[in-house]
Amino acid sequence: MRISIFGLGYVGAVCAGCLSARGHEVIGVDVSSTKIDLINQGKSPIVEPGLEALLQQGRQTGRLSGTTDFKKAVLDSDVSFICVGTPSKKNGDLDLGYIETVCREIGFAIREKSERHTVVVRSTVLPGTVNNVVIPLIEDCSGKKAGVDFGVGTNPEFLRESTAIKDYDFPPMTVIGELDKQTGDLLEEIYRELDAPIIRKTVEVAEMIKYTCNVWHAAKVTFANEIGNIAKAVGVDGREVMDVICQDHKLNLSRYYMRPGFAFGGSCLPKDVRALTYRASQLDVEHPMLGSLMRSNSNQVQKAFDLITSHDTRKVGLLGLSFKAGTDDLRESPLVELAEMLIGKGYELRIFDRNVEYARVHGANKEYIESKIPHVSSLLVSDLDEVVASSDVLVLGNGDELFVDLVNKTPSGKKLVDLVGFMPHTTTAQAEGICW
């Protein structure tokens, strides 16, 4: 395939070398004549192990060339990868100046092409950038319609400096954000030889995936550092601790807890977070990330409250009271906190939880329920249908399978607030998720 790559920094230069090595005809484009001269000499414009050999191979086979002529690069290629930098502004926002310049140049060139051209943003950009910046600029400069006259997609990269060639050849996944199916098919064809799952999503989802990956990596480093600092302060080798943590692929390094939704609770997590952060404070060990966990958790409860109270009704049915399905444990359940907030604001609340209802009559938690939360337990109703019938807003609080049917067949006139993730799709006119 004929590919033009705009921007020959770390991402663009690596892509140029790897794509040409896989048989594609690649044109590297940059405003820097120095970089272009290096590319045309088969030399690398950056320090990256193994890259220069690929660039030399590309030049020797005639599959790689460099130019400062933006227009010619577009006219002589079928697809353009935008790999320019998106540096930070002083306020932390992205500087899209390079993106905007390239989009204008590509747009003007597309205006003169009769055949379809595809534009793929590989630069890291915030969700909404392609739809709100890239597409309008190219459409305005080309006089053509995105998704119809020219293709548009995103293809976030997961390359690490110093291991970029290996990361390109053996990626964890290939993410394609497509405005139109033809663009997705084209990108899938380019990457079909790579041994990695190809994931096709909307443009906005692909944009968000890249940021989520990078922020998650930063969060992991910060978490490990704070744990290491506390561990050292109590006389423990933090490396030894984290080595064991990383051996658990069932819970610690898995998708189990990595699902957006409601706050955490129960008898362990809140208590242990408080205990560890209290000890860290006693030892004068700074722990800004760990110290923010409980505050963030409370914010999620407040978010649920705001979502529920945004509806113009006072009749609310809370489905689930324990912190998770399959238990009657109400200790530090965020749903109890949510119920208390609704009661405090005068909402007409009905609660259904079959496990808690049983415990209120028979279980070991009977005394806890009666002594600690009598104002909440008094609102428990044993009949799910009664709660549904008497409520205007139904809140799915935990993952009890009894509640699934309400998502599939929400009663007429009822509003649904999903804190669990039962909804197969995002927010609709009748149902809304806390994070979807």
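Here the Cβ of each residue, glycine as well, is placed from N, Cα and C on the backbone.
Because the structure is a prediction, the values reported are computed rather than measured.
Per Swiss-Prot, these features apply:
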type: BINDING; residues: TYR10, VAL11, ASP30, LYS35, THR86, THR124, LYS271, ARG331; note: NAD(+) binding site
type: BINDING; residues: GLU161, LYS210, ASN214, HIS217, ASN225, TYR256, TYR257, ARG259, PHE262, GLY265, LYS324; note: GDP-alpha-D-mannuronate binding site
type: ACT_SITE; residues: CYS268; note: active site, nucleophile
type: REGION; residues: 278-295; note: region 'Inter-domain linker'
Between C-alpha atoms, which of these binding-site residues comes nearest to LYS35 (NAD(+) binding site): GLU161, ASN214, TYR257?
GLU161
Select the most exposed residue of VAL11, CYS268, where exposure means the fewest other Cβ atoms within 10 Å, treating these as the recorded positions.
CYS268
Based on DSSP, tally up the residues of the region 'Inter-domain linker' (278-295) by helix, strand and coil.
12 helix, 0 strand, 6 coil
Would you say which of the binding-site residues LYS271, LYS324, ARG331 has the most Cβ atoms within 10 Å of its own Cβ?
LYS324
Let's check the environment of TYR257 (GDP-alpha-D-mannuronate binding site): how many other CB atoms sit within 10 Å of its CB?
10
How many other Cβ atoms sit within 10 Å of the Cβ of LYS35 (NAD(+) binding site)?
23
To the nearest Å, how far is the Cα of THR86 (NAD(+) binding site) from the Cα of ASN214 (GDP-alpha-D-mannuronate binding site)?
15
Cα-Cα, whole number of Å: ASN225 (GDP-alpha-D-mannuronate binding site) versus LYS271 (NAD(+) binding site)?
21
List nothing but the largest Cα to Cα distance in Å, as a whole number, among the residues TYR10, VAL11, ASP30, LYS35, THR86, THR124, LYS271, ARG331 that the record says bind NAD(+).
62
Are there residues of the same chain, six or more positions away from GLU161 (GDP-alpha-D-mannuronate binding site), whose CB falls under 8 angstroms from its CB, and which are they?
TYR10, GLU48
About how far apart, in whole Å, are the alpha carbons (Cα) of TYR257 (GDP-alpha-D-mannuronate binding site) and LYS271 (NAD(+) binding site)?
18
Local Cβ density at TYR10 (NAD(+) binding site) - other Cβ atoms counted within 10 Å:
20
If you draw a 10 Å sphere on the Cβ of PHE262 (GDP-alpha-D-mannuronate binding site), how many other Cβ atoms land inside?
26
Which same-chain residues, if any, lie at least 6 apart from THR124 (NAD(+) binding site) yet have Cβ under 8 Å of it:
THR86, PRO156, LYS210, TYR211, ASN214
